[in-house]
Amino acid sequence: MSSQPQPSRRILNPSGTNDSPQAQQYTKGELNIDQLHADPTKQFDIWFQHAQDEKVHQPETVTLSTAELPSGRVSARMVYLKEADERGFVVYSNWGTSRKSQDVASNPQAALTFWWHELERQVRVEGPCERMTSEESQVYYDTRIRGSRVGAWASQQSKVLRDRAELERQVADVEKKFDGEEKIPVPEFWGGLRVKPEMVEFWQGRPSRLHDRFRYTRDSEGEWKIDRLSP
């Protein structure tokens, strides 16, 4: 028998449940197949609009997950969804130095996860990625405040910095470069990434963890089919 001490196991108590050791129950809604639109992008629009109407905090916040090949190492980060239509779901970022850009270069598959606590709802999207053109990205880039446009040029995202002062010097250099110019071109290394959905899942929390889950996938004819999944 091993004489090595065994680590103590800590079972975490859930928060926000009046100090009960039991997990919070989800009771705010239910989801049935007859409530779903035949097109998942239109169904997302319906849910997203509802989230906005119900004052969900920043419903555009989404986890973008990517994985590097051949190692298979996964990374995830919170980003903002900026566009969504029948072509896919769009986020914007640095695609020259960021970890996500390295992952996508070796493996174009990605996943998005939305969590809307106030409604006890989750949406998951999986599919291949495509870079948007500079012309497409410029349209969104022009809507950003000047500081954010300058920051996109200045930040070598995910690169090691000596200190905060180094970043501030980079920002100052870009400010000098574009001094007096209001129309700043989008950097070649920055822009939109579109996740083209091959799978979309809508999840509604229910009591006793018996959640309602519906998954959209393409059938052999390229049409969307909907399956209810076990929780």
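Cβ atoms here come from the backbone N, Cα and C positions, even for glycine.
As annotated by TrEMBL, region 'Disordered' applies to 1-29. The compositional bias 'Polar residues' annotation in TrEMBL covers 14-27. What TrEMBL records for 50-176 is domain 'Pyridoxamine 5'-phosphate oxidase N-terminal'. The coiled coil annotation in TrEMBL covers 157-184. What TrEMBL lists as domain 'Pyridoxine 5'-phosphate oxidase dimerisation C-terminal' is 190-231.
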Long-range neighbours of the coiled coil (157-184), counting only residues six or more past its ends (CB under 8 A): 93-94, 96-99, 141-142, 146, 149-151
Within the predicted model, mean pLDDT of the coiled coil (157-184): 91
Long-range neighbours of the domain 'Pyridoxine 5'-phosphate oxidase dimerisation C-terminal' (190-231), counting only residues six or more past its ends (CB under 8 A): 23, 25-33, 36, 38-41, 43-44, 47, 64, 82-83, 87-96, 100, 104, 110-112, 120-134, 136-137, 140-141, 152-153
Residue distribution over DSSP helix, strand and coil in the domain 'Pyridoxine 5'-phosphate oxidase dimerisation C-terminal' (190-231): 3 helix, 25 strand, 14 coil
DSSP-derived helix, strand and coil totals, residue by residue, for the domain 'Pyridoxamine 5'-phosphate oxidase N-terminal' (50-176): 45 helix, 43 strand, 39 coil
